[in-house]
Every structure is written in C-alpha cells, then in structure tokens.
Amino acid sequence: MIVLGLEGTAHTISCGIIDESRILAMESSMYRPKTGGIRPLDAAVHHSEVIDTVISRALEKAKISIHDIDLIGFSMGPGLAPSLRVTATAARTISVLTGKPIIGVNHPLGHIEIGRRVTGAIDPVMLYVSGGNTQVIAHVNGRYRVLGETLDIGIGNMIDKFAREAGIPFPGGPEIEKLAMKGTKLLDLPYSVKGMDTAFSGILTAALQYLKTGQAIEDISYSIQETAFAMLVEVLERALYVSGKDEILMAGGVALNRRLRDMVTNMAREAGIRSYLTDREYCMDNGIMIAQAALLMYKSGVRMSVEETAVNPRFRIDEVDAPWITDASRKDYGKAGAESRIEEVSFHGRPAIRKVRISKSYRNSDLDKKIRYERMRNEFTILRKLKEAGVNSPVVYDFDPFSMSITMQKIPGRMMSAELNEGRTDFLNELGIMIAKMHRAGIAHGDLTVNNIIVNDSVFIIDPSMGKVNAEIEDMAVDIYALEDSIKGLGLDSGSVIGQMLKSYRNNFNLADDVLETVSAIRRRHRYV
C-alpha cells in the first residue's frame with residue numbers, strides 16, 4: 001500500500017510518500033517570516049502557493065503518479081487553523097480526483113509513529129517538544145495518554161520569543177543553542193515543575209529582564225537551556241516510573257537540540273532504560289510522519305468519509321484510538337523515583353521511611369543542589385503544616401540537610417493508582433475531604449497525582465515537596481488539574497472517579513467553584529492559544 005501524507009499544522013508544508021517497508025520520498029517548504037513570529041494567515045498563503053509544487057516534487061522523487069497512491073493522510077490538528085485548512089483542502093481534492101480513501105491524522109500521533117518506525121522503539125514514553133507543543137505521552141489501554149504537558153506556552157515558542165526580542169530571526173532555536181554553548185554563568189530562572197506538568201512563561205519573563213539589564217546573551221541562552229531542559233527531563237523520568245515503561249522516544253523540532261539529547265541520554269543510562277532519538281530529518285514536521293500514522297490507522301480499520309475530515313485546531317492525541325500498540329509489561333523500578341531513593345528503616349523502634357534526595361548528573365550541578373535542598377526543606381515544612389490542618393500525612397521524625405534526607409512515618413497501604421486499577425472507589429469521598437482541608441489551610445501540594453496518595457482504611461497525602469503555603473487559587477487549581485490528568489492517564493472511567501472526588505471537595509471547600517473554574521481556564525490555554 002502506497003500512502004501520501006500531507007503535513008501543514010504550522011510553518012511547514014510537507015508531502016511524504018511511503019509504503020509498508022520503504023520511505024519513498026519527502027518534500028517540504030517552510031514559511032519563514034522576515035520579521036517577528038509566525039503569522040497564521042501569511043503561513044497559510046505560503047502553503048497555498050507552494051503545495052502543488054511540493055506534492056509534484058515528492059511524486060517525482062518517488063517515481064510514481066498521483067493515481068498510484070492508495071491512501072491519502074493529512075494533518076487534521078492540532079495546529080493553526082488557516083494552515084490546517086489549506087492542507088485538508090489539498091488532501092480532499094486528491095481523494096476526490098483519484099477516488100482513494102482519506103484519513104485525518106492527529107499531528108502528535110504522527111511524530112510518535114514515525115519515531116517508532118525509524119528507531120525500532122516498541123512502547124515508549126515520548127517527549128514531544130516543538131514550538132506549540134510540550135508533552136510527555138505514553139500508550140495506556142488502547143490510546144496514547146498525555147501524562148504531562150506545558151501549562152502555558154510550548155518550550156519552542158518560549159525560545160523563539162526570547163530570540164525574537166534579542167534580534168534573532170525565526171526560527172531562533174538553533175542560534176540560541178549555539179549561543180548557549182559559549183555561556184558559562186548559570187543565571188537564576190524560575191524552575192517551574194508542577195507534578196507532571198511544566199510552565200515556561202516565567203523563564204521567558206526573567207530571561208527578557210536579564211536581556212534588558214545587559215547580561216551576556218550567551219549566559220542567558222545557557223541558563224534558559226539548562227533550566228528548561230532539566231524541567232523536561234525531570235518530568236520525563238517521572239513519567240517512566242508512573243507508566244512502568246522502559247523506553248524513551250524524543251520527537252519534535254526542539255528534540256534536535258544536542259544538549260537536550262545529551263541530558264535525556266544521561267538520564268536513561270542512569271535509570272537503566274533505552275532511549276531512542278528520532279532521526280534529525282524526521283524530528284521536524286514532515287509528511288512522512290502523517291503517512292505512517294495514516295497507514296497504521298487504515299490497517300487497524302479506520303475509515304473516514306470526506307465529510308468527516310473537518311480540521312480541529314485543538315485536536316488532542318488522547319482522543320484517538322491506537323489499537324495497533326500492545327502495551328509492554330510494566331518494568332518494576334522498585335523504590336526508585338525520579339528525585340529520591342526510598343529506604344525502609346527503623347526510627348526508635350518505629351517502622352519508618354528514609355527519603356534521600358539523589359543527585360542528577362543530567363542537571364547543572366549548581367541547579368541540582370539548589371533543587372534538592374529546596375524540595376527537601378519544603379517537604380519538611382509542608383508535612384508539618386498538613387498535620388496541623390488535620391490532613392492525613394506522614395509524621396516527620398528527622399530532617400538531615402547534610403545527607404539531603406528526611407525520615408518519616410511509614411504509611412501502610414497502596415498507591416491510589418493500584419486501588420483504582422482494581423476497581424476500588426470507596427475512598428474518593430474522603431480524598432475530596434482531605435484535599436479540601438489542605439486547600440482551606442492555604443496549602444497547595446504541587447504534585448498531587450495518583451502516585452502521591454496512599455490508601456488503606458483512610459487516605460494519606462504524601463510528598464508535598466513541590467508544594468506551596470499561602471497558596472493562591474491558581475496553585476490549588478493546578479493540584480486538581482494534576483490529579484484529574486493522572487486519573488485519566490490510567491485509562492479508566494475517569495469521569496465517574498473524578499466526579500465522586502469533586503463532589504466531596506465542593507461540599508467541604510467554599511472556594512471550590514473558583515478553583516474548578518481556574519482548572520477549566522488552564523485547560524483552555526493548551527496549544528496555539
């Protein structure tokens with residue numbers, strides 16, 4: 001089967017042609033604004049002007065005619081609406097003229113599937129980093145699930161916006177990478193990891209302020225990369241332990257960055273897992289990836305009429321079935337974690353846990369020390385305040401800043417994730433009460449997921465090391481957002497589970513509606529907004 005794929009979600013229009021065993025041809029054209037960033041209408045004009053030529057050249061390279069094509073795939077979303085419409089119109093035209101079937105493809109799905117094809121990865125956790133996208137994705141129960149993502153802007157957009165303010169034309173990423181290689185001074189930038197999610201707007205604001213005050217652009221670029229990339233690798237490693245996967249795959253334009261690739265490779269080596277880096281020519285948006293995803297969808301039984309191919313600028317990967325993937329058996333990581341090592345000890349005859357903050361070689365050493373110490377101190381402080389607020393949580397027995405460790409009460413029971421996977425839901429009412437108590441006390445957890453909640457006869461909240469006292473509504477909303485997404489990531493009937501928990505939360509916290517409205521606002525900020 002010969003498949004033609006058309007990609008056109010943002011700045012690049014591309015045509016790729018494949019069959020089951022060969023990549024036959026690829027032709028692309030990128031819109032490059034003379035000044036500023038991407039202007040959606042101008043990008044669409046560029047695509048409409050060159051798309052015929054791009055398709056013709058790809059057919060010439062493949063040494064076939066348009067009538068030899070058996071299937072047409074196109075990027076349905078997410079993306080810039082004007083660009084998406086140009087691409088979809090071309091795909092529909094080819095389908096109607098040739099009488100061949102057409103399939104609309106989710107753009108991130110294409111990145112994953114071409115990465116799996118060219119690297120040999122089987123069931124990886126994918127770090128997908130580009131201009132508008134920053135996501136950590138894994139396959140769970142028949143679909144790819146978003147385990148973590150940006151809460152504001154994509155990392156590529158952040159880098160490009162800084163570059164633009166510094167007088168560097170689009171795309172600014174490659175030049176920032178070169179400048180960073182000459183930097184030596186690590187500047188203080190916000191390190192914003194919230195559970196499995198990240199935020200980059202604070203880094204952009206601080207970096208622009210450094211630029212205004214005359215700091216060397218080499219040092220600013222170096223600091224942007226060291227800080228932002230460390231955030232990405234941290235959440236990627238956390239996703240491994242949550243999902244039980246033992247492979248990593250990188251894709252997207254930012255995945256071309258050598259420093260990021262080195263950091264991911266180092267993390268994978270320390271964790272004892274395999275890392276796969278998508279070939280450089282297929283990291284950027286391209287038609288081959290759309291053709292590959294369309295091929296897999298078609299072979300799994302997906303069919304679409306032309307009327308069903310409307311574009312969707314907010315199309316999420318977790319809306320798409322992916323039955324061609326068989327989830328690999330879960331890797332047992334034991335008591336290892338992304339940030340700490342857990343040891344079972346005895347404290348004056350009491351069963352206890354000693355949590356040691358471990359160094360991460362992929363991070364800048366100064367940044368690593370700062371993060372480890374701040375989180376350890378924060379966990380100690382917030383655990384005490386949770387107890388004062390009546391929230392079930394471990395009692396802290398000892399705090400040793402010299403060994404970067406905390407010793408605390410051992411809580412018997414199982415993680416909430418394990419209980420939900422076995423169908424237990426009788427604890428959800430109490431969970432809502434505990435979260436309400438925490439938020440009433442002005443405390444945000446910062447990493448409230450199904451793996452930081454222990455269930456026995458009661459519900460216990462653990463590991464608030466990323467938390468915040470004197471929390472604002474936005475901080476509390478991130479707690480609910482993170483918990484909802486971690487429940488959805490299990491692939492269960494998440495609506496019922498979340499609904500039970502939120503009903504109890506609402507009944508016990510007078511600001512719950514404000515928090516939940518902010519959760520909705522956070523979700524609306526995703527991708528190209």
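Here the Cβ of each residue, glycine as well, is placed from N, Cα and C on the backbone.
According to Swiss-Prot, the protein has these features:
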type     : residues                                                               : note
REGION   : 1-324                                                                  : region 'Kae1'
BINDING  : HIS107, HIS111, TYR128, ASP285                                         : Fe cation binding site
BINDING  : TYR128, VAL129, SER130, GLY131, GLY132, ASP160, GLY173, GLU177, ASN257 : L-threonylcarbamoyladenylate binding site
DOMAIN   : 329-529                                                                : domain 'Protein kinase'
BINDING  : LYS335, ALA336, GLY337, ALA338, GLU339, SER340, ARG341, ILE342, LYS355 : ATP binding site
ACT_SITE : ASP447                                                                 : active site, proton acceptor
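The structure, with features from Swiss-Prot marked on it.
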residue: HIS107; record: Fe cation binding site; CB count, 10 Å: 27
residue: TYR128; record: Fe cation binding site; CB count, 10 Å: 26
residue: SER130; record: L-threonylcarbamoyladenylate binding site; CB count, 10 Å: 26
residue: GLY132; record: L-threonylcarbamoyladenylate binding site; CB count, 10 Å: 22
residue: GLY173; record: L-threonylcarbamoyladenylate binding site; CB count, 10 Å: 21
residue: ASP285; record: Fe cation binding site; CB count, 10 Å: 26
residue: GLY337; record: ATP binding site; CB count, 10 Å: 17
residue: GLU339; record: ATP binding site; CB count, 10 Å: 21
residue: LYS355; record: ATP binding site; CB count, 10 Å: 24
residue: ASP447; record: active site, proton acceptor; CB count, 10 Å: 26
Task: Inter-residue Cα distance where the pair is the residue listed as 'active site, proton acceptor' and ARG341 (ATP binding site), in Å - done: 17
Open item on the list: On the 0 to 100 pLDDT scale, where does the domain 'Protein kinase' (329-529) sit on average?
Closed with: 92
Task: DSSP three-state assignment for ARG341 (ATP binding site) - done: strand
- [ ] Return the residue, from the listed binding-site residues HIS111, ARG341, with the maximum count of other C-beta atoms within 10 angstroms of its C-beta.
- [x] HIS111
- [ ] By CA-CA distance, flag whichever of TYR128, SER130, GLY132, GLU339, LYS355 among the binding-site residues is nearest to ASP447 (active site, proton acceptor).
- [x] GLU339
Task: Pairwise Cα distance for GLY337 (ATP binding site)/ASN257 (L-threonylcarbamoyladenylate binding site) [Å, integer] - done: 26
TODO: Quick one: pull the CA-CA distance for GLY173 (L-threonylcarbamoyladenylate binding site) versus TYR128 (Fe cation binding site), whole Å only.
DONE: 15
Open item on the list: Please report the Cα separation of HIS111 (Fe cation binding site) and GLU339 (ATP binding site) in Å, rounded to an integer.
Closed with: 28
Task: All-chain count of other Cβ atoms within 10 Å of ASN257 (L-threonylcarbamoyladenylate binding site) - done: 23
Task: Cα-Cα distance linking HIS107 (Fe cation binding site) and GLY132 (L-threonylcarbamoyladenylate binding site), given in Å to the nearest integer - done: 12
- [ ] Using only the Cα atoms of TYR128, VAL129, SER130, GLY131, GLY132, ASP160, GLY173, GLU177, ASN257, which the record gives as binding L-threonylcarbamoyladenylate, return the largest interatomic distance in Å, rounded to a whole number.
- [x] 18
TODO: Out of SER130, ASN257, GLU339, LYS355, point to the one nearest ASP285 (Fe cation binding site) in space (Cα versus Cα); all of them are binding-site residues in the record.
DONE: SER130
Open item on the list: What does the structure give for the C-alpha distance between LYS355 (ATP binding site) and SER130 (L-threonylcarbamoyladenylate binding site)? Integer Å is fine.
Closed with: 35
Task: Between HIS107 (Fe cation binding site) and SER130 (L-threonylcarbamoyladenylate binding site): CA-CA distance (Å) - done: 12
Open item on the list: DSSP secondary structure for GLY173 (L-threonylcarbamoyladenylate binding site), reduced to helix/strand/coil, please.
Closed with: helix
